[in-house]
Structure formats: structure tokens, C-alpha cells
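Novice: One structure follows; several queries about it will come next.
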Number of protein chains: 2
Amino acid sequence: MNADVRWLNQVSWDDQGLVPVIAQDHASGDVLMFAWMNREALETTARTGEAVYWSRSRRKLWHKGEESGHIQKVHELRMDCDNDVILLRIEQVGGIACHTGRHSCFFQKYLAETGWETVEPVLKDPNLIYSKDGGKSHD
Amino acid sequence: MNADVRWLNQVSWDDQGLVPVIAQDHASGDVLMFAWMNREALETTARTGEAVYWSRSRRKLWHKGEESGHIQKVHELRMDCDNDVILLRIEQVGGIACHTGRHSCFFQKYLAETGWETVEPVLKDPNLIYSKDGGKSHD
């Protein structure tokens, strides 16, 4: 067994063969998005240096930015203490990680008085980012 | 329906009634851990200002720090674009989030040559943190 296979085997894949992934801006520390990877996605991400996820809704590999151009260049790959969560430290090309055209997917903030409030601006109209579907979540 | 219920209903709970949660240091931006919440855990977290998770292994609410003293004071609660991931921005009391005695759970870094390498120090022996079980994961 070579090292390339061993590190992938060390991941505790869930019963669907997936692992949760957190994407964090390597410079600012902002948490940008959350997605899933299967074994092929993680191997491809490590090999190419660009984030590739598993789209659960489309049931296929999803090269982040394939439509929008907003690819994620991987600076560091981390794994947690239980070997069942991956943290990607990335450079977000275009500065937009979210399919809504925002910097981060975590743009809703809880306020005790009013509940969830949108507190981050749309940086670019999704209709201008995506040619076909106006920006749908790939999760 | 009052506002207290509405904001909880807006969360897209998975088929087990859970939502994934990322805990991030509010000051440094370090991603410290990943866990799960059910509805009661999220409501309790928002109400008390201290992180309460759902332990999938123990099948009960888990007030983070209940054994170790390493509680998490919540500064901000965020939700993502699909309403199915929560981001907690917290102050980590004691500076140790991981049951291994490390600052962050994400202490394993991928190196192409050697695979996953531990790159963060143990700050405190888990046997000194936990009275009974020497520090087991609650995930």
C-alpha cells in the first residue's frame, strides 16, 4: 500500500462514503462555505490544488468555480481529531464563495429580537455569475 | 407562532433532526471544532450563550466543557445560505477545544510526501483535563 492510498484510507468516511468539509479563507480566516467530499473529490483536490466537492443534490463531482470561475486554490488541507472532518484553507478566487453572490455562505446572523438577519451584501448578481440557472446551491 | 419558534423552524434539520455546526474562535478566526446540534441544543445555546451540542455517540445533549471546564462563550450565531449549517463564533475558555488537549481539533495537516502529520502541540494532558475517561470524543 503506498502513501497515496494510506492517507485516503485514514479518513473515516461516513456510511455514504462522504466527509464534511469546511472551506476557510487562508488569509482572513473567514469561514466561507461547508460542503462534502467523497474519496475521489478529496484525492482530486489534493492532487490538483483546487477544491473539488461531491454535490449531494446533483450526485456528481463538483469542481467549485466550474461555472462561476470562482475556484478555490488550496493552501492547506487539515483533518480533525476523529478523522471525520476536513478543513480546507483556501484562496477564494473572485472573493465570492456563495452561490448568492456573497463573500461567504454564512451571511445570516441570529438576533434574539428578530431571528435570522442577512448581514452581508451581495457582491455580484448571481444572474451575472451563472449563465444557466441563476445560481443554485450545489450542496 | 412567536419569533422564538420561527427562527428554529427556519433551520433545515436533516433526517435525524440534526444540523452540522462549526465552532470558530471569534478573535483569531481559528476553526476549533465541528459538531452537531438538534433543536434543543441550538435553542439552549442561543438562550444561555454557551455552546451546547448533540453528542451522536452518547445520544444526549452535551454542554461543551461540562467535564473539562473548557466551555465556549458564544459571541455570534450564523447560518448558511441553505439554512442547513450553523457557524458559532465563540470564545474558547482555557484555549483548548479538542479532547486531545490541543487548541483546535484540526491539528493534522496533509503533506503530499508523508500524508497526515500532527502539527499542533498538546497544551494539556487529557488525563489532567478529564477525571474519568481520559478524554473521549463526544461527536
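Backbone N, Cα and C atoms are what each Cβ position is placed from, and that goes for glycine too.
Heads up, TrEMBL stuff is auto-annotated, nobody curated it.
Taken from TrEMBL, the feature Mg(2+) binding site applies to A:Asp80, A:Asp82, A:Asp84. Per TrEMBL, the feature Zn(2+) binding site maps to A:Cys81, A:Cys98, A:Cys105. Residues or ranges marked as domain 'Phosphoribosyl-AMP cyclohydrolase' by TrEMBL: A:33-107.
Structural setting of the listed features?
Specialist: Non-local neighbourhood of A:Asp82 (Mg(2+) binding site): A:Ser12, each in the same chain, at least six residues away, with C-beta under 8 Å from its C-beta.
DSSP assigns A:Cys98 (Zn(2+) binding site) to coil in the three-state reduction, placing it in neither a helix nor a strand.
Residue counts for the domain 'Phosphoribosyl-AMP cyclohydrolase' (A:33-107) by DSSP state, with H, G and I taken as helix and E and B as strand, are 13 helix, 29 strand, 33 coil.
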Novice: Would you kindly give the Cα-Cα distance separating A:Asp80 (Mg(2+) binding site) and A:Cys105 (Zn(2+) binding site), rounded to the nearest Å?
Specialist: 22
Novice: Could you measure between A:Asp84 (Mg(2+) binding site) and A:Cys98 (Zn(2+) binding site) for me? Cα positions, answer in whole angstrom.
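Specialist: About 24 Å separate the Cα atoms of these two residues.
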Novice: Using the alpha carbons only, what distance in Å do you get between A:Asp80 (Mg(2+) binding site) and A:Cys98 (Zn(2+) binding site) once rounded?
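Specialist: Counting only the Cα atoms, the answer is 24 Å.
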